[in-house]
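Single-structure report; data block below.
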Amino acid sequence: MNSTQRFEHKVVIVTGAAQGIGRGVALRIAQEGGCLILADRSDLIQAVLAEIKALGALAIAVETDLETYAGAELVVSHAIAEYGRIDVLINNVGGAIWMKPFQEFSEEEIIQEVHRSLFPALWCCRAVLPEMLKHQQGTIVNVSSIATRGIHRIPYSASKGGVNALTASLAFEHAQHGIRVNAVATGGTKAPPRKIPRNAQPLSKSEQVWMQQVVDQTIDRSFLGRYGSIDEQVNAITFLASDESSYITGSVLPVGGGDQG
């Protein structure tokens, strides 16, 4: 186990925990003594659960669709049944499905982007809040994006702008109840290929060009001229989730090599 036990005896929900940043966050919290509820709609979450149990940490996994309020309620009910309370919620579900100019998006595609990248955070905050209010304490970290100012992802950008507004307003509304709410605006992040792609369709030549333009813009706007690593994002997320950030709330922390979004 990690010598730093920032999450000892803490009950932590991590959504979107089956791969990428979510998996990295879950493993770090397990190494630091946390009791975990892993949530994802993919059965890949079971492999992450096995990894965490191999570390000797306490964890359960809930396969559910967090684009629905019922899915968020299911996660909370499992957490309460298993541990009796919730100390930390980390909302990590989201990600751009398509990359193309706004006029190329259909109505249905726009709806899918918003459902994917805004509603899971809204639903999970709403579902967990009564439990945190009951105990007059809690910490929420929303994973946002520096793409709130960027090209070819406007529905996703608007969704993450909504996550930032949710973060600020919820922090303002519930600070008096001992609940802190912050966000990490992740920049471009190097990660293994997704086991379940957000968009499984082959890219057209135009879509390949548009995607490369997004990559180029991301690197150009980073002062450090590179993508970040999963560990670098995990460092920021777990800092805001821990008591080390006890005097920080209502903040959006950009982690994009200097790109402020």
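Backbone N, Cα and C define each Cβ position, glycine as well.
The active site, proton acceptor annotation in Swiss-Prot covers TYR156, and the record cites sequence analysis as its basis. What Swiss-Prot lists as NAD(+) binding site is 13-37. According to Swiss-Prot, the feature substrate binding site maps to SER145.
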Residue among binding-site residues ILE13, ILE21, VAL25, ILE29 with least C-beta crowding, 10 angstrom cut-off: ILE21
GLY33 (NAD(+) binding site): secondary structure state under DSSP, collapsed to three categories: coil
Cβ atoms near ALA17 (NAD(+) binding site) (within 10 Å, other residues, all chains): 32
Three-state secondary structure, which DSSP defines for ILE13 (NAD(+) binding site): strand
Residue from VAL25, GLY33, ILE37 whose C-alpha is spatially nearest that of the residue listed as 'substrate binding site', among the binding-site residues: VAL25
Sequence-distant neighbours of ILE37 (NAD(+) binding site) in its chain (C-beta under 8 A, six or more apart): VAL11, VAL12, ILE13, VAL14, ALA59, ILE60, ALA61, VAL62, VAL75, HIS78, ALA79, GLU82, TYR83, ILE86
For the recorded positions SER145, TYR156, the one whose C-beta sees the most other C-beta atoms within 10 angstroms: SER145
Inter-residue C-alpha distance, ILE29 (NAD(+) binding site) and the residue listed as 'active site, proton acceptor' (nearest angstrom): 28
